[in-house]
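A.B. asks: Quick paste from TrEMBL:
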type	residues	note
DOMAIN	6-261	domain 'Thiolase N-terminal'
ACT_SITE	91	active site, acyl-thioester intermediate
DOMAIN	270-391	domain 'Thiolase C-terminal'
ACT_SITE	349	active site, proton acceptor
ACT_SITE	379	active site, proton acceptor
């Protein structure tokens, strides 16, 4: 490796909990700090060695969210002079934080960076527009800020409709989409039984009325069937395919990772999981935002001088089953190497945390299988895609 190559040393995530579930009283900042501390610990470095912090957050659901990255860094023990930046590239924020860290390492402005993302969607508030300058008699209507955020005003459609648009374009049937959702849950449950996610998750202690509870297991995966999924209504388009059962969950959670230069890792005797080979961020039509991983992966492959056939494992965030299938069909990869331990339809999608989570899951699985190359990628609301190619070291 070259001295300025970027390596991901280690990382950690929380369990991803249900909407209004176990983490509903814990801010995204505190969830992020817990994973940051654990990522530092697992990387076998000191917090004082971190010289940059990049942390993603999409829905600023707590009063301190505007300083989330700074507070995550300080609570994790990084030194006062260390600069921190909160990232918002929507669903791609957790991977964007890794890319931003990598860029500074590549040009020599950083040696050790903390990257990640955190989200508490349960705490997203309702808002009363116009209350600051007065409301008329009876005008007290509250807006569900979370629900409204799923609508793209430029594309004039909801995120679910973008998946419906892809389903129509790629001629996907309701049964095909539900089959994928069932597969995602099945793979996630199998991985849980094998203890794979225990390697990623840092337990979180939650205070309850009857005492403390340790949360160390993803709450969203369920033992569902095609018959159960078929009973759910397609609520977004008449005779459509997108349902609550084949869309990603609305969840809470965080994930973090430590990145260094290869020179620093060698000097410190660190044992990285992988080298960052290349990355790409692209734009696509907002009405089909879910196809974003396709051109992003293609560009990242081009940057690396590689082909899709060179990849041993592929992780594409499952915003919707229809969206994932469209990406798989367009890229033409073997379904057996994609999201092998389930995806966001089963595990959930705490927006800014997902990019870091799928990257950690990918690298752990490359190591587990003794494989070499993989890609982590996400679609992004508003019409973008992001991807990063990794080489196990």
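Cβ coordinates are placed from backbone N, Cα and C, and glycine is handled just like the others.
Any TrEMBL annotation is an automated prediction that lacks curation.
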A.B. asks: What counts of helix, strand and coil residues does DSSP assign across the domain 'Thiolase C-terminal' (270-391)?
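C.D. replies: In the domain 'Thiolase C-terminal' (270-391), the DSSP-based counts are 58 helix, 32 strand, 32 coil.
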A.B. asks: What average pLDDT is reported by the model for the domain 'Thiolase N-terminal' (6-261)?
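C.D. replies: 96, rounded to a whole number.
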A.B. asks: Quick one: Cα separation, residue 379 (active site, proton acceptor) versus residue 91 (active site, acyl-thioester intermediate), in Å?
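C.D. replies: Pair distance, Cα basis, whole Å: 7 Å.
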A.B. asks: Does residue 91 (active site, acyl-thioester intermediate) have same-chain partners at least 6 apart in sequence with Cβ under 8 Å from its own Cβ, and which are they?
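C.D. replies: Counting only residues 6 or more apart in sequence, the Cβ neighbours of residue 91 (active site, acyl-thioester intermediate) under 8 Å are 58, 317, 319, 349, 351, 352, 354, 355, 378, 379, 380, 381.
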A.B. asks: Report, as a single number, how many Cβ atoms besides its own are within 10 Å of the Cβ of residue 379 (active site, proton acceptor).
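C.D. replies: Taking all protein chains shown, residue 379 (active site, proton acceptor) has 33 Cβ neighbours within 10 Å.
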A.B. asks: What number of additional C-beta atoms lies within 10 angstroms of the C-beta atom of residue 349 (active site, proton acceptor)?
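C.D. replies: For residue 349 (active site, proton acceptor), the count of other Cβ atoms within 10 Å is 26.
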